[in-house]
Every structure is written in structure tokens, then in C-alpha cells.
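Notes follow once the structure below has been shown.
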Amino acid sequence: MWEDLKYLTGFGNEFATEDPRCPASLPVAQNNPQVCPYGLYAEQLSGSAFTAPRESNRRTWFYRIRPAVLHRPFKRIDSIHLTVDFSAHPPNPNQMRWKPFDIPTDGQVDFVQGLRTICGAGQPATRSGLAVHIYTCNVGMENKAMQNADGDFLIVPQQGTLRIKTEFGRLLVAPNEICVIQQGMRFSIDVDGPSRGYILEVYDTHFVLPNLGPIGANGLANPRDFKTPSAWFEDLDVEYTVVNKYGGHLFQAAQDHSPFDVVAWHGNYAPYKYNLADFMVINSVAYDHCDPSIFTVLTCPSVRPGVAIADFVIFPPRWTVTEHTFRPPYYHRNCMSEFMGLIQGKYEAKEEGFQPGGATLHSIMTPHGPDAACFEGASKAELVPTRVADGTQSFMFESSLMLAVTEWAEETCSKLEKDYYECWQPLKKHFRIAEP
């Protein structure tokens with residue numbers, strides 16, 4: 001059932017889809033007829049202000065068995081490791097690296113229960129900022145759905161395939177794929193066993209494809225490779241819990257039916273997935289490095305041209321062919337914050353220490369770069385055409401904001417490597433006045 005899913009293709013398209021069990025369930029030539037086909041309810045989900053410019057206006061019309069308003073009141077529930085209070089813990093400018101985050105082995109933990117905030121900046125109340133989370137879980141969300149009123153989730157599975165039900169249909173998302181579930185969309189995640197991954201949450205606006213500039217019309221993440229679910233519904237009269245992430249806190253409401261009862265929908269505001277293996281890599285073919293912005297898959301732009309609230313960047317398998325060039329990533333201090341994760345393999349600049357399921361954070365203007373072993377090896381390597389990062393997929397959440405680390409990430413989780421700085425300590429002084 002899940003392996004044979006049919007998707008709609010394209011990024012940000014105007015889609016129209018109906019479950020084949022109910023043909024002609026989409027109204028003809030209008031959004032809100034007096035009586036909808038099959039006795040359905042019409043409901044609009046708005047992802048932008050009504051008066052947003054047409055090119056950025058986002059909305060979808062649902063035709064569903066019951067409207068989403070049919071639930072009992074929301075009540076606050078415990079969410080002590082999920083936060084938007086990024087001033088609660090003292091700032092720390094040091095380079096940080098975490099060992100792989102533990103997947104629960106005692107008891108049953110679903111996706112919502114396994115959410116932990118690593119770092120962030122800003123506030124959803126003012127629609128400004130972002131948060132980085134880790135999820136670790138071992139069971140699916142049984143008769144439970146979630147919606148995020150605070151912003152968009154960009155989910156990066158590292159271990160375990162996610163079977164995601166949404167109001168729009170179903171998504172199967174495996175490691176080396178990503179999915180984006182936008183603000184307000186209800187979803188439920190099922191897993192086959194121990195699962196772990198990363199989440200970038202943005203409060204400001206929605207992710208878009210980066211402008212290509214002189215690259216031209218094609219390249220990087222091509223729009224045709226993004227996949228959106230086609231309509232699918234379930235008509236279940238069961239006790240269901242809907243969890244609402246609102247203002248950084250979790251609330252839950254009960255209802256007596258499944259929220260995944262949308263028979264048909266049309267619009268341009270929908271969840272989607274993308275396979276990172278489809279990325280069209282661009283690289284230098286003469287000398288020096290292109291900046292890592294050429295590896296940007298998606299961006300959440302700020303109001304300042306060319307400056308992102310957050311970029312999602314990957315470092316995929318590729319060729320390196322540059323001449324008389326130090327080929328690994330250069331040493332760097334950046335006006336941006338760089339949070340990195342590793343899905344699989346070994347990261348080229350630090351082949352030891354940085355492990356799949358772990359993470360690093362190099363904060364604004366904090367120095368970082370290849371470790372000593374990488375520098376010495378690359379400085380002496382024969383510069384022949386070479387494959388880089390085969391069997392590896394690392395990524396970066398890059399932000400113009402100063403990210404504050406939570407108490408859970410720095411202390412409670414016990415995964416922060418206090419001796420991370422030591423990987424640079426063996427770097428030697430090679431300076432000499434006169435060339436031999």
C-alpha cells in the first residue's frame with residue numbers, strides 16, 4: 001500500500017486531486033458551492049495573508065467528511081524539552097559537536113513524545129526566527145495527529161523510514177529524503193522501529209527554491225523532482241487526539257473521528273518531499289572553491305535581499321577536479337550560524353568523530369574548518385580527479401540568526417563533546433620567511 005503511492009510533481013504548483021474512490025468530488029468552477037459533492041464540507045487552509053502578493057499567496061481548499069473545527073477544547077500537555085525560550089540558557093560561542101542522540105529503548109515513544117529542541121532564535125509569537133529539533137522514537141502515532149501553528153517543519157530522517165499521513169494524502173519518506181510539512185497541516189507519523197532525524201522549523205514564512213542567478217534556468221534542486229501527495233482519505237469513527245504546537249507549547253484536543261478525511265483538494269499550499277539524490281551538483285572545475293551556497297536545496301528568505309532566515313544545504317557525493325587547490329572546506333569565520341547533521345557516511349573535513357545521528361554547531365563568527373589530520377592529508381594529496389563523499393550525505397541548516405543552545409542540548413542529553421576543540425590543537429605552524 002505505501003510502496004505504490006502516487007504523487008503530484010512540481011514545486012509550488014496549483015494542484016487538483018481527488019481520491020479515485022470518489023470521482024467528481026472536486027466542485028466544478030467554484031470553491032464553496034452551496035452543497036458539495038458527496039455531502040462533503042468545504043474548508044480553506046490559508047498559508048499566507050489573503051492580501052499577500054499573488055506570487056507568494058498560499059492556500060488550499062479541502063473537501064472533507066467533517067470540518068476540522070469538530071473537536072473538543074485544547075488542553076496543555078507536558079513539553080519540557082520542546083521550547084521557544086532561547087534566553088533561558090546562557091549563550092555559548094564555542095564550537096560544539098554532539099555524539100549520536102539516543103533512540104529510546106525503554107518504553108514506547110512516538111514522534112511527538114520524542115521531540116527535543118537543540119537551538120534556536122526568535123519567537124513564533126512575532127513570526128520571526130527558527131528552531132532546530134531532534135526527533136527520536138520507536139513507535140508510530142496511534143490515533144494521534146499533530147499540527148504546528150508556529151511554523152513549517154523541514155524533516156530530515158537519519159534512521160528509519162517515515163510513513164506520514166496528512167490531510168492531503170500520504171508520504172513515504174526514507175533517509176536521504178526530506179519532507180516539508182507547512183504551518184497548520186495535520187499529520188501523523190508511523191515508523192517500523194528505532195527512528196531518528198533532524199528538524200528545521202521556521203517561523204517567518206515558507207521555504208522556496210533559491211534563485212539561480214547566472215547558473216541559469218536549470219540546476220540544484222529542480223522543481224519537477226518535488227513530490228506532493230495525491231488525495232486519500234480514511235473514514236474512521238474512533239477516538240483521536242490532535243496535538244497542536246502553539247507558542248512553543250503543546251496542547252491536545254480529542255475528537256471522535258480521524259482528521260485524515262479529505263476526499264479531494266486543490267490549491268498550492270501542501271506538504272512535499274524531495275530525494276536528495278536528485279540534486280544537480282555544481283562545482284568548480286578549475287581552481288578554488290565555489291561558496292557552499294551552490295549546495296542550497298531550499299531557503300527561507302528574510303526581508304534583506306540575499307540573506308536567509310534559514311538555508312537547507314547538502315554536501316552530496318560529487319567529483320572534485322580543482323588544480324593547485326586545497327580541496328576540503330576552507331577555514332572559516334561566518335556571519336551566519338552553521339548547524340550540521342550527518343545522515344550517513346563520513347564527512348570529508350572530519351572523517352573521525354562526526355557520526356551519523358550526531359550534529360555540530362559553529363556559531364556566528366566562531367572559527368571552524370578541517371581538523372589537523374584532514375589538513376595534513378589534503379595538503380600533500382595528489383590532485384587528480386577524485387570522487388568525494390561517496391556513501392555520505394551531510395547537510396547544514398545555515399541561518400543569519402544567532403542560535404542559542406538549550407539546556408537539554410548542552411547538559412541534559414549528555415551527548416555534547418567537551419573535547420571537540422582538541423581536533424584542531426595538533427595544527428602545526430608551517431610559516432617560514434624564505435621559500436626553500
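Just so it is clear, glycine is given a Cβ too, placed from its N, Cα and C backbone atoms.
Any TrEMBL annotation is an automated prediction that lacks curation.
Because the structure is a prediction, the values reported are computed rather than measured.
Feature annotations, courtesy of TrEMBL:
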DOMAIN    6-276  domain 'Homogentisate 1,2-dioxygenase N-terminal'
DOMAIN    278-431  domain 'Homogentisate 1,2-dioxygenase C-terminal'
ACT_SITE  HIS289  active site, proton acceptor
BINDING   HIS332, GLU338, HIS368  Fe cation binding site
BINDING   TYR347, HIS368  homogentisate binding site
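Per-residue pLDDT, averaged across the domain 'Homogentisate 1,2-dioxygenase C-terminal' (278-431), gives 93. Same-chain neighbours of the Fe cation site beyond HIS332, GLU338, HIS368, judged by a C-beta within 8 angstroms of the site's C-beta center, are, in sequence order, PRO329, ARG333, ASN334, HIS362, THR366, PRO367, GLY369.
Within the same chain, residues at least 6 positions away in sequence whose Cβ sits under 8 Å from that of TYR347 (homogentisate binding site) are PHE315, MET340, PHE354, ALA389, THR392, SER394. Its Cβ taken as reference, HIS368 (Fe cation binding site) is surrounded by 19 other Cβ atoms within 10 Å in the chains shown. Residues near GLU338 (Fe cation binding site) in space but far in sequence (CB under 8 A, at least 6 apart, same chain), listed by position: THR360, LEU361, HIS362, HIS368, MET396, PHE397, GLU398.
Annotation for HIS332 (Fe cation binding site): spatial neighbours PRO367, HIS368, GLY369, criterion Cβ-Cβ under 8 Å with sequence separation of six or more. The Cβ of the residue listed as 'active site, proton acceptor' has 16 other Cβ atoms within 10 Å, all protein chains considered.
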